[in-house]
Amino acid sequence: MVVNQETSNSLASYRRILQTGKRRVSELSNNVDNASPKSGPYEEPFNFDCEQNTKSTRSRRLSQSTSNAPTNSLNTSSEDEYEEALRTRDDLQGTCDEIDEKKKLATEKLDMIQQSIKELEEQRLSYQEEVVMLEIEQERVEEKLTKARLDMKRLGQTKMSASMNNLHKPPLVPPINLPKRYNSTEALKKPTPRTAPKLSARLTPRTTERDIYEDPFDSSHRIFSTHTDSVLALNMVSSRYAVTASADRTVNVWDMDAPEAKPMMTFRGHASYVQSIVSDMGLHQNIDLDFVDDYIHQTLRPYGQDVSDVESDRSEPSTGTDNYFEDICPFVISGGGDNTVRVWNVKNQNNHQVLEGHSAAVSVVRCDHSTIISGSMDRSIKLWDRETGRCTQTMTGSDGHVRTLQFLSYALISGGGDDGVMRLWDIRSGKYFRTIDAHDKGINTLQFDTEKIVSGGKDGRLRVFELKSGRVMDDLNVGSSVTSLQFYKNKLVFSASNMFPVLYDLNNKCMIKNFSGHTDDVCELQFNKKWLITASKDKTMRLWSL
């Protein structure tokens, strides 16, 4: 009975476990039916008959494997291609990341290089300005040195003359032994030595040496001295009018026939010294000297105006009140140390235009009826449209600053710097097509016509070149830095440091006369058929009769 009781207990336990399992399986089956799609592999209800369930499952798997064999193969191929595409994408993405990294590094290096270029450019401009200032200082020192040498030579001649006179000095005789008629006072007097004339400069045309001595009087016809600093530039408008530019930052217009030597108008606006001046009717270095005065007569006479004062003999200053300057010269153009070119309206007496673009001082300006051309210490030449004031062209290529230039039509010649080279430019292309090694040092001034070029340099040489071939036709050793020159036909007038202006005959190669009166160097000069005007560091403009 005990065994049967134990057996019955075990069976009851097994039944409870089986019922519990069936409930659990039934719950799981319901969950599967609710969660899985209707088209899944188990579309029929779950059969708890193990044998039947096993058979149906095997048959379904066999049929699925048979019917889906091509599809599985296609799925495998697509998976391989997909994996290959993933690998390719990853490789390209890695390459793009590397390129981005290299691009970032290159951009950083480019920024560093651009910053370095900017700093170097600033340093270059700073050093360029320093070089310009040093050149100016060098010129001043050289001028002082030349003047000191001339003073030493003059003093040496004076000392030698005094020594020679001392050799012939009468001996001192005791008064007690002298006859009564002998005057001891006269015996003790020192004879006055003969003083040699003051040497101003030394002109050496070719192999002939000439000493030029200062005249004991001022040979200028008239003096104009309103400027408070050096007169650096001038422009002769006609036989009657002239324009001057000064280191005192002003531009003055003069009526040289006026009773009083005062400017008829003054233009102010430059923030620094005014280095160059030109006007519409100014006597350019290559113009016919009779042209301007003839123009005045032909233009003003039809309007019934009196032009008798235009060609005054200047025996007495003119007392007329007529002013023709506004009619013959409507605009004046100046360039200065403030890096600007300014156009002044003569009628309104105001600043008509300010042309900005140079990065250093403007050293020379020239113009015609439609174009203004400026040369600067920044080594560039700029062309400006007169109507709009816009810069139409910039010509670069000079090794040094542009100190002087002249143009005729499309031909332009420039000089400056320290290389002593003249450059011949074609304005249409903006490039120079030829160079001439003219001087050993910088070129201060030049002029050319259809046959020849005349240039003056810091090396103390004044040279004449044939325009077509560049051959040297004449070479004058002036002895000091040539500051200004102008020629017309066979007449050449030039000035140099510590030297009065000189009139020179180009054909006969000899000096005709010199013009004494200035107490400092002449910066610029111009002449016509009757008169010479000069601008000097002694703050004056002077008028001379030729």
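Yeah, the Cβs are placed from backbone N, Cα and C, and that goes for glycine too.
All TrEMBL annotations are machine predictions without curation.
Here TrEMBL flags 27-37 (among others) as compositional bias 'Polar residues'.
Under the heading compositional bias 'Polar residues', TrEMBL lists 68-77 (among others).
Taken from TrEMBL, the feature region 'Disordered' covers 23-84.
Here TrEMBL flags 224-264 (among others) as repeat 'WD'.
Residues or ranges marked as repeat 'WD' by TrEMBL: 331-354 (among others). The average pLDDT computed for the repeat 'WD' (331-354) is 94.
What TrEMBL records for 355-394 (among others) is repeat 'WD'. Beyond its flanks by at least six residues, the repeat 'WD' (355-394) meets 125, 128-129, 132, 272, 275-278, 280, 284, 333-343, 400-407, 412, 414, 416-417, 425, 427, 430 of its own chain at Cβ-Cβ distances under 8 Å.
Taken from TrEMBL, the feature repeat 'WD' covers 395-435 (among others). Counting same-chain residues at least six beyond the ends of the repeat 'WD' (395-435), those with a Cβ under 8 angstroms from any Cβ of the stretch are 128, 132, 135, 284-286, 360, 363-364, 366, 373, 375-383, 441-450, 453, 455, 457, 459, 470.
What TrEMBL records for 436-475 (among others) is repeat 'WD'.
The repeat 'WD' feature in TrEMBL is assigned to 515-546 (among others).
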For the repeat 'WD' (436-475), sequence-distant contacts whose Cβ falls under 8 Å of one of its Cβ atoms, 6 or more beyond its ends:
135, 139, 142, 205-206, 285-286, 400, 403-406, 408, 413, 415-422, 424, 481-487, 492, 494, 496, 506, 509
